[in-house]
Amino acid sequence: MAKEKYDRSKPHVNIGTIGHVDHGKTTLTAAITTVLARRLPTSVNQPKDYASIDAAPEERERGITINTAHVEYETETRHYAHIDAPGHADYVKNMITGAAQMDGAILVVASTDGPMPQTREHILLSRQVGVKHLIVFMNKIDLVDDEELLELVEMEIRDLLSEYDFPGDDLPVIQGSALKALEGDSKYEDIIMELMKTADEYIPEPERDTDKPLLLPVEDVFSITGRGTVASGRIDRGTVRVNDEIEIVGIKEETKKAVVTGVEMFRKQLDEGLAGDNVGILLRGVQRDEIERGQVIAKPGSINPHTKFKGEVYILSKDEGGRHTPFFNNYRPQFYFRTTDVTGSIELPAGTEMVMPGDNVTISVELIHPIAVEQGTTFSIREGGRTVGSGIVSEIEA
């Protein structure tokens, strides 16, 4: 019997659970899969227990070891891929490497504790890496007798979210008990269903990669006698068609405009190339020496070259093959963006003397050449070809 075909008719959304250690992120993940399997039995909705989610396999993403559990489930209207990172360090690494791009997240806060240090850090990281839609799940309400206390905790969470520029007064807060729902208490199961209905309604359907403006990182350039210059690479987002006007952005002082005269894949002519395709793009009016690896081909005006930005970075530990010693202000490694290395200097935040292997930190970077970057662009930090860190652009400065 063939496996059931993957159903593309439902919109797909990436979601995750975030919050302080032991506030119930993994229990909630187990509860969502279990309650949906009971209430909406489909081939996708299979119950996952706490132990199987908690024993997340190790993955390596850009040289960094991360434990993450991936589960899937569906509601009447959507298909969800859900990530749960068991450890705090795993969560930070996931966010910073872009290993887990979330369209929205469920912030789990234990009603018995209220917001804790990692609650704050996860909210800040969500803000920095561009997770714009948070839903709050106040967990463990069965352990709190005092209604006023729940109100105070909710106010405290809303204030904290507002402090980090989330719409604290307006975003949804749902009070429940993941453990009670998991144990089959129907009152608490109803609350899990309400949480999923809220996710369906509050987290907007993500824009598909093909609908975004074209971005094609240039990997290779060659010229075809009599036809012109070909740039090849994998289309990161958007689409490219013959006769499109494009810009060549980064590395050089000036952004150059050109027109696409051909799109090829596997030596065949195409009408258009889509996000994910490896293509060769024939460009009219571009000399072989006017385009190079490390630049990007982009929809005009959609992305600009920059030399200064702030980034959230994770520095690999010694065990992950990173540095054995700390680095200090004005450290000058290479920053690897998409297809190329560019040297840059690092300025540490005020009051931070040094950064140890295994730390995460906000840095200001100044590159020696401009590169096409925007908020959310990921990069690696390298020394002599060896990855020593990983980061994501949180703010453009110049």
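Every residue, even glycine, has its Cβ placed from backbone N, Cα and C.
Taking Swiss-Prot as the reference, the stretch among 31-34, 139-142, 187-190, 199-202 described by the feature region 'G4' is residues 139-142. As annotated in Swiss-Prot, region 'G2' covers the listed stretch 63-67 rather than the other ranges in 63-67, 68-72, 348-352.
Range with Swiss-Prot annotation region 'G1', chosen from 19-26, 203-210, 299-306, is 19-26. Per Swiss-Prot, the stretch carrying the note region 'G3' among 84-87, 144-147, 224-227, 244-247 is 84-87. Cβ neighbour count for Gly19 (GTP binding site) (all protein chains, 10 Å cutoff from its Cβ): 26. For His88 (GTP binding site), the same-chain residues that are 6 or more apart in sequence and have a Cβ closer than 8 Å to its Cβ are Val21, Gln118, Glu121. Ranking the binding-site residues Ala85, Ile141 by other CB atoms within 10 A of the CB puts Ile141 at the bottom.
There are 26 other CB atoms within 10 A of the CB of Lys25 (GTP binding site), with all protein chains counted. Predicted-model confidence for the domain 'tr-type G' (10-207) is 93, expressed as mean pLDDT. Counted with DSSP, the region 'G4' (139-142) comes out as 2 helix, 1 strand, 1 coil.
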